[in-house]
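Enquirer: Feature list, courtesy of TrEMBL:
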type	residues	note
SIGNAL	1-21	signal peptide
DOMAIN	52-177	domain 'Corticotropin-releasing factor binding protein N-terminal'
DISULFID	60-81	disulfide bond
DISULFID	104-141	disulfide bond
DISULFID	183-205	disulfide bond
DOMAIN	185-306	domain 'Corticotropin-releasing factor binding protein C-terminal'
DISULFID	237-264	disulfide bond
DISULFID	277-318	disulfide bond
């Protein structure tokens, strides 16, 4: 059975941007009955550990979580195609062009985007990414042999392409690299535990969970006194400089999501929150003056879970949308 993440991604992949800032609608004609979120079996893992390279063909709409060499060959004009790559939270993704045979002059294109675009929304958001939106695109038809290897800034990346001539296509090799201080992350799973550390850096980092979840923050170090503040129209942490906020919404871009709660000061203990939104984001804003750290765990919100709240719990949000 496919997971909720797989099922939802299968649906949202039909909506993505095929050019800068312009949303195109993709058809699922190539998805077939195969699962677009390919997970390794234990046998295949053993084969890869022995030094073999995993290889397979790409569909017009595809999603990959593994290393290997992947080839797309058009059997008919393919106008709106994309492949989404995702790694573990502590991994970066490198995409190498091994072979490209497309007609750039005839309107074909092959682009890498540093992050994901779904339904016109970007992750990471423009507020949280070190590059401008235009710098996050690498167009093969413009760069050619100049840039044949592209590394992502987080655990997700994508390529989108148009190939009109049957028989044309490309081959890419996908590799994973370690990231000592993961910043922006999309979770592959509906449950887990993660520690986000920002060491004296002026940046914003978001951890996105594409599920309704129960999230429990067990440790927060911001260099301040203890305190926990629920988000109110007249209150917040924006003037503090270092804080964590919980966001919820139905889209991918954290900057377009609804702020649910602010955590302005360090604490040791437990703060739990039920968030029934389609997407939940924990976002840390760092001024660069401190070593900020937050540890949290999460699991998918069960509709049958008891409504009884513990003393350290705060409000539930988006519950009717589940």
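A Cβ is built for glycine as well, from the same backbone N, Cα and C atoms used for every other residue.
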Enquirer: What residues, ordered by sequence, lie under 8 A Cβ-to-Cβ from residue 141 (disulfide bond) and sit at least six positions away in the same chain?
Expert: 102, 104, 108, 109, 110
Enquirer: Of 60, 237, 264, which disulfide-bonded residues come within 10 Å of residue 205 (disulfide bond), going by C-alpha to C-alpha distance?
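Expert: The disulfide-bonded residues close to residue 205 (disulfide bond) (Cα within 10 Å) - there are none.
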Enquirer: Out of the disulfide-bonded residues listed (60, 81, 183, 237, 264), which are within 10 Å of residue 277 (disulfide bond), Cα to Cα?
Expert: none
Enquirer: Between residue 318 (disulfide bond) and residue 237 (disulfide bond), find the distance joining the two CA atoms and give it rounded to the nearest Å.
Expert: 22
Enquirer: Pop the mean pLDDT for the domain 'Corticotropin-releasing factor binding protein N-terminal' (52-177) in here, whole number is fine.
Expert: 93
Enquirer: Mind checking how the domain 'Corticotropin-releasing factor binding protein C-terminal' (185-306) divides into helix, strand and coil residues in DSSP?
Expert: 3 helix, 66 strand, 53 coil
Enquirer: State the count of C-beta atoms found within 10 angstroms of the C-beta of residue 104 (disulfide bond), not counting that atom itself.
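Expert: So the number of other Cβ atoms within 10 Å of residue 104 (disulfide bond) is 14.
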Enquirer: Which one is it: of the disulfide-bonded residues 60, 81, 183, whose Cα lies the shortest distance from the Cα of residue 237 (disulfide bond)?
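Expert: Its closest listed neighbour, by Cα, is 183.
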Enquirer: Taking just the CA atoms, what is the gap between residue 183 (disulfide bond) and residue 60 (disulfide bond) in Å?
Expert: 30
Enquirer: What's the CA to CA span in angstrom from residue 60 (disulfide bond) over to residue 264 (disulfide bond)?
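Expert: Residue 60 (disulfide bond) and residue 264 (disulfide bond) have their Cα atoms 45 Å apart.
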Enquirer: Going by DSSP, how much of the domain 'Corticotropin-releasing factor binding protein N-terminal' (52-177) is helix, how much is strand and how much is coil, in residues?
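Expert: Counting residues by DSSP class gives 10 helix, 67 strand, 49 coil.
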Enquirer: If you count Cβ atoms within 10 Å of the Cβ of residue 277 (disulfide bond), leaving out that atom itself, what do you get?
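Expert: Around residue 277 (disulfide bond), other Cβ atoms within 10 Å: 26.
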